[in-house]
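Read through the structure below, which is laid out as structure tokens, and then see the notes.
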Amino acid sequence: MIRSVVRGVGAAKPARLVKNADLEGIVETSDEWIVQRTGIRQRYIAGEGETTASLGEAAARAALDNAGMTPDDIDLIILATSTPDNTFPASAVDIQARLGMTHGFAFDMQAVCSGFVYAISTADLYIRGGMAKRVLVIGSETFSRLLDWNDRTTCVLFGDGAGAVVLEGNEGRGLTSDRGILTANLRSDGSHKQKLYVDGGPSSTQTVGHLRMEGREVFKHAVGMITDVIEASFSEAGITAEDVDWFVPHQANKRIIDASAKKLNLAEEKVVITVDQHGNTSAASVPLALATAVADGRIKQGDLVLLEAMGGGFTWGAVLLRW
Ligand code: ACO
């Protein structure tokens, strides 16, 4: 059976670090309020010349280095983003060109904060269906450029960054057969559109727009949706929370993560938390967290890793994989 195995992981952050205290001069807020309500202490914000494509390229190069591969080894690039450099072409194609690739194919995937989980599930299907052998899956975002910097209820929550993984089919490469993606479950429900959306777009307003969110409403739905889809994954894989070595959730809010882990009986020490360091980086949050936990030696080959995300749409999903 062909399985898609993670062979490398990488991350890229903008140069500029913005601490909570730095936001006190922009909107009426405080470090105490932000930490208490969200767990966020700092975030990175893209500066001049830093874009979704440039951050995505840097994360992709780091993941390729980590995998011991070059762009020549890659057949497909899937970029999860809601903040592309241009309306079109896809920023994935820009990254393909930046990597010097003129072979294979590349496209963007848009599922907001669930983008990376959607993209890695899609990459898995291309590999198992035989259309690609090695796929670069990137989550890259510059949400700072969609924020209303006068709206304290949203601008303190988000950050910019990118993360990437190289996925490879395990056939014929001597990779042990129990490694790779075991289950992927995706969900969406467009009836929640107004709770989290951008009030612009080429077709509706011919503007870029700003992020709008009913934070309390999002919070209310998040834990139930996340735990439902994870329980479906557990039952499909025939495992329990005890079998999971690492829970790598979407990093939106520490209270959502803690409540989800508690409801699932996932021990606190198995939860990878980076929201304090990065804020909510949307589709980049899961691969950034993965890159952090691999670099510091927590996630190791053979570990059972649970990825989860939930975001605008609403979209949500979970992926179980053996590292
Ligand atoms: N600084 C200080 N005070 C603030 C700020 C701020 N940045 N923002 C809001 N407040 C005030 C409000 O005005 C309100 O004041 P009032 O009581 O005088 O009206 C008070 O703080 C409480 O506001 P609430 O919105 O009730 O605060 P809540 O505890 O719900 O926390 C938050 C808000 C952090 C947005 C929370 O609802 C949340 O995390 N929701 C989930 C949203 C999310 O994470 N979205 C990310 C994308 S979706 C996803 O990734 C899951």
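Each position is counted from 1, following the chain as shown.
Even glycines carry a Cβ here, placed using N, Cα and C.
Predicted automatically and left uncurated, TrEMBL annotations should be read as such.
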**Request:** Quick one: sort out which of 251-255, 296-300, 311-315 is the region 'ACP-binding' according to TrEMBL.
**Result:** 251-255
**Request:** May I ask you to report the DSSP-based helix, strand or coil state of Asn280 (active site)?
**Result:** strand
**Complete:** Spacing of the two Cα atoms, His250 (active site) and Asn280 (active site), in whole angstrom, works out to 8
**Request:** Whole-number Å only: compute the distance from the Cα of Cys113 (active site) to the Cα of Asn280 (active site).
**Result:** 9
**Complete:** Across the domain 'Beta-ketoacyl-[acyl-carrier-protein] synthase III C-terminal' (235-323), the model's average pLDDT, rounded to a whole number, is 97
**Prompt:** Same-chain residues six or more away whose CB lies under 8 A from the CB of Asn280 (active site)?
**Reply:** Ile40, Cys113, Phe143, Leu157, Phe158, Gly159, His250, Gln251, Ala252, Asn253
